[in-house]
């Protein structure tokens with residue numbers, strides 16, 4: 001009988017706690033205090049991976065997923081939405097710390113030399129003009145036949 005009388009109280013407590021974050025707003029100070037925990041855990045896990053493998057996502061994807069989930073949970077716990085500019089700045093800092101040397105060398109594309117480029121442009125244009133002329137000439141010729 002005592003537990004039945006507590007159920008409405010528990011329900012009200014859950015409803016109040018669920019809306020507290022929305023009513024109280026985002027506590028950015030607490031968020032910035034809590035996010036480094038995620039970064040510390042991620043850094044400890046990244047020590048298990050050889051530095052030269054830090055650019056190979058398959059080597060640390062599980063750690064990175066945990067890091068992302070941790071930042072999301074810590075942000076939501078203090079009543080903030082995720083992602084937000086402060087959390088994003090923190091995540092960017094972690095990226096700079098671990099992945100700043102992971103730039104991808106992109107192939108620099110250059111135009112071919114003029115000796116190759118001019119025929120590649122001119123031949124289709126001349127073929128188009130020649131075929132159009134041929135079609136016009138043939139259509140005029142059929143009109144003249146009895």
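The backbone N, Cα and C atoms fix where each Cβ goes, glycine too.
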Transmembrane segment per Swiss-Prot - which of 97-116, 117-136: 117-136
Sparsest Cβ surroundings (other CB atoms within 10 Å) among the disulfide-bonded residues 38, 55, 70, 102: 102
Around the Cβ of residue 69 (N-linked glycosylation site), the count of other Cβ atoms that are within 10 Å: 11
27, 101 as glycosylation sites, winner by CB count within 10 A: 27
